[in-house]
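A short write-up of the structure that comes next.
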Amino acid sequence: MPPKKRSGDVESNGDSKKPKHDQDDSEDSDNQEDTTESVDGPAAGDNEKTGVYKIEAPMLSGEVLFCGATNWDLMGRKALPKGVKNVGGPNLWGPNRLSGLKGVKIRTVVSGCCATHCVAITKEGSVYVWGRNEKGQLGLGNTERKDIPQLVETFEGQNIVDAACGRRHTLFLTGKDTV
């Protein structure tokens, strides 16, 4: 059922349109502000949120800090696998320095949402890895868990430019665009 009309409403057949402005007229009206005056205080629109933020990275060298769970064998599981001892590290409630990366200039740190390991790529293209390693995802040639970042010697002489971490695998991209 259509809604009831109010007593003061005027009937309309829907043909009424808003008047169109010429594009030139609207541009003229926008540009009629006097921009020669300087105004102190916040500019118009400073309080509006645009949703896009650009942050410039400082040019100073820094350190990689790590926080969160370090019991790699238990992360993402209800119980430890058979034959694995619970010798995992503690939860780090605040940022901590990674001793294996002290003095190393890092370009990129990579991990994944399901990954329980991390990759750090240096400015020179070397790779450091740490975390769970039960399927050899660290690329060290063994399946031992690493709590401290270890240099991956397999990539010696190659320039690694990027990496991706999955739950039980790691992909490395070289400077020659090979994976």
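In case you wondered, yes, glycine gets a Cβ from its N, Cα and C as well.
Residues or ranges marked as compositional bias 'Basic and acidic residues' by TrEMBL: 1-23.
TrEMBL lists 24-37 with the feature compositional bias 'Acidic residues'.
Annotation source TrEMBL lists region 'Disordered' at 1-48.
Positions annotated as repeat 'RCC1' by TrEMBL: 125-176. In the predicted model, residues of the repeat 'RCC1' (125-176) average a pLDDT of 93.
Applying DSSP to the repeat 'RCC1' (125-176) sorts its residues as follows: 3 helix, 22 strand, 27 coil.
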